[in-house]
Amino acid sequence: MDAGVWYRSLPRFTRYWLTATVVLSMLCRFDVIPLHWLHLDRSAVFSKLQLWRCMTSLFVFPISSNTAFHFLINCFFIVQYSSKLEKDQYSRSPADYLYLLIVSAVLANIGGMIFNVYFLMDTLVLAITYIWCQLNKDVTVSFWFGTRFKAMYLPWVLAAFEFIFHFSLASLVGIFVGHVYYFFKFQYSQDLGGTPLLETPQFLKRLVPDVSGGFGGFGLPPESRAPPRQATESPWGRGMTLGRN
């Protein structure tokens, strides 16, 4: 497939996310923008009101010869799991997916400030991966060396590899972020009968109207969204510890 055709075929917010990540990271890689201006820094945010760091830390990644593969794998996960969420569960409700990203970004910033995670790409990527895996628990995924297991275990496997080999909490923070969203959006209301707590604000619905027609999975209980599918590849590899400059 032609690269331009493939790029335009990506769902809207996945495409925006991938573009912002690649462009901002490459600008820092070639020293067009100093990296230390963009990473999450609690004291700079609160003492100097450098509020842009809360946004840029979600997209910028410190690319080097040691971390390039890590960066590419994260981009793959954006394309793989963000696309699936946006096209399947949120196909008719793009504003709901935008709100998911906003809530996840806010929680990622809070977790990053608490645990001193300076670059939040891993955190946000794993949060979205976790949500997809919870909504598709029985899908079989393939990991390294041909190992296969249900999707619900994938985030924990990734976080374990990250922590064991790089002593990073970024992925665990991502799981926490994803679980908070999943619990309050789906489990609390559908399984426990609680009042929905993460309803998309109306101004976002007006900004990004729902799509009429078609068949979207959003709004169905997680266990009834889709039957088990064939294995999907997940060639995850880690090359750095988030929080390091």
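Just so it is clear, glycine is given a Cβ too, placed from its N, Cα and C backbone atoms.
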- Query: Do GLY4 and ASP122 sit on the same side of the membrane in Swiss-Prot?
  - Reply: no
- Item | Tertiary contacts of the transmembrane segment (100-120), as residues 6+ beyond its ends and Cβ separation under 8 Å | 13, 17, 39-42, 45, 54-55, 57-58, 60-62, 85, 90, 127-128, 131, 168-170, 173-174, 176-178, 180-181, 185, 198, 242-245
- What is the three-state DSSP composition of the topological domain 'Lumenal' (121-156), stated as helix, strand and coil residue counts? 24 helix, 6 strand, 6 coil
- Query: Averaged over the whole of the topological domain 'Lumenal' (121-156), what is the pLDDT?
  - Reply: 90
